[in-house]
Amino acid sequence: MATSKYKRILLKISGEIIKGKRKYGIDPDFLDFLADEIKDVLKTGVQIAIVPGGGNIFRGLSGSKKGMDRATADYMGMLATVFNSLALKDALEKKGVKSRVQTSITMKEIAEPYIRGKALRHLEKGRTVILGSGTGLPFITTDTAAAIRGLELKCQAIFKATKVDGIYTDDPIKNSKAKKFKKLSFSEAIKNDKISIMDDSAISLCRESNVQIIVFNMNKKGNLKKAILGQKLGTIIN
Ligand code: GTP
């Protein structure tokens, strides 16, 4: 069995891919596929912490653009990530992948509260830990939550799972001439205003601690494993 290049990674799953082919909500087929992919890569010995987004259910920023109080909208977005966390745990456990959900906003009846030490113990025991409700704070994206949790859980890389093959010079869906970057420095990723795949605060946190970010297409079977084995795919920011 091939061994992972990494001991521990943080996998950021955007809400956008959780909705799969649907316009809104959770696509059980995608979660089933994702659970199979995760089960497969765990065999390489890697430990995985997961931060889901919530945009498939509610996006705080969109709510505030329509006149909602931004903090209230962000709290709703954080609750959306808890929906995704519970659905993902369910999908993983169905495949026999031991998982725990921890939330930054305490809701003890449905999930463990986020406790760094406990999260680390779970990871060491080979359980995936799904971290819901972002950082628990409004005005902070789930990308930044992923960077913070990734750093404090001593993950060696942040894997940003998306539906595109990496970072392009322009939106590849709208512009067929857009070219993919194989590599970017942290500073290039921050300076380039066209790069909106991850927000600047998340990238700068990773830069400060020199933790690389790998942006890759999660919808292609086997991609997560290739990336974890260290094969070059997607865009690497380091
Ligand atoms: P170990 O310390 O390795 O034994 O971890 P464990 O998670 O198996 O044991 P623990 O006794 O902490 O938890 C048993 C089960 O209860 C697991 O499914 C946990 O996720 C769950 N659990 C633990 N604490 C809480 C909590 O505060 N709220 C909720 N809802 N579930 C919890």
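Cβ atoms here come from the backbone N, Cα and C positions, even for glycine.
Remember, TrEMBL labels are computer predictions, not curated facts.
The annotation domain 'Aspartate/glutamate/uridylate kinase' is assigned in TrEMBL to 7-217.
The ATP binding site annotation in TrEMBL covers K12, I13, S14, G15, G55, R59, T162, Y168, D171. T162 (ATP binding site) falls within a strand segment according to DSSP. Summarising the environment of T162 (ATP binding site), the number of other Cβ atoms within 10 Å of its Cβ, over all protein chains shown, is 21.
As annotated by TrEMBL, UMP binding site applies to G54, D74, T135, G136, L137, P138, F139, I140, T141, T142. Counting Cβ atoms from all protein chains shown, F139 (UMP binding site) has 12 others lying within 10 Å of its own Cβ.
F139 (UMP binding site) sits 22 Å from T162 (ATP binding site), counting Cα to Cα.
Cα spacing between K12 (ATP binding site) and G54 (UMP binding site): 11 Å, rounded to the nearest whole number.
For S14 (ATP binding site), the nearest of the binding-site residues G54, L137, T141 in terms of C-alpha separation is G54.
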